[in-house]
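Per TrEMBL, the features are:
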- 26-43: transmembrane segment (TRANSMEM)
- 63-83: transmembrane segment (TRANSMEM)
- 116-139: transmembrane segment (TRANSMEM)
- 145-164: transmembrane segment (TRANSMEM)
């Protein structure tokens, strides 16, 4: 009973303005904030002997260390995606900050239909080739870049995977929130 009256009060006090236009922009904002936090978190590793120093990009030790670092950062990010956003989306639906056309379709649904271990294995292979390619280019061109920029450049495949994984999960949560929103309207009659 209290929940129903609370939801009615929320529905009455809404601002008639859509705050978020699309799920892609919503996810992009979250991924950008997550990337900034990741860069701040890994910045002390710049002085570590385990990671690359300027000019020594193409060594087996530096490639493996960067692959492990990218894997750990991605694992932490994926862990925090486990928490559902369906109630956040439901609240935003009631507050009319998003509308029912917030997310139209799910991108790469056939890829995400595969088991998680297979997707991560494919990502591991792509990430290994990408880090090797970036390291070869950095060595040939003799880049003098910051460790954070080098990490971000090597992290690009994981970042792309994280974006699409986040969008896939949040699309499903949004669909569940829409279902709950319609059911509340049906039971409220």
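For all residues, glycine too, the Cβ spot is worked out from N, Cα and C.
Between the transmembrane segment (26-43) and the stretches 63-83, 116-139, 145-164, the greatest number of Cβ pairs separated by less than 8 Å involves 145-164. Away from its own ends, the transmembrane segment (145-164) comes close to residues 27-28, 31, 34-35, 38-39, 42-43, 45-46, 51-52, 54, 57, 66, 69-71, 73-74, 77-78, 107-108, 111-112, 119, 123, 126-127, 130-131, 134, 138 of its chain (Cβ-Cβ under 8 Å, at least six residues beyond either end). Beyond the ends of the transmembrane segment (116-139), by six or more residues, the same chain brings 57-58, 62-63, 66-67, 70-71, 74, 145, 150, 153-154, 156-158, 161 to within a C-beta distance below 8 angstroms of the stretch.
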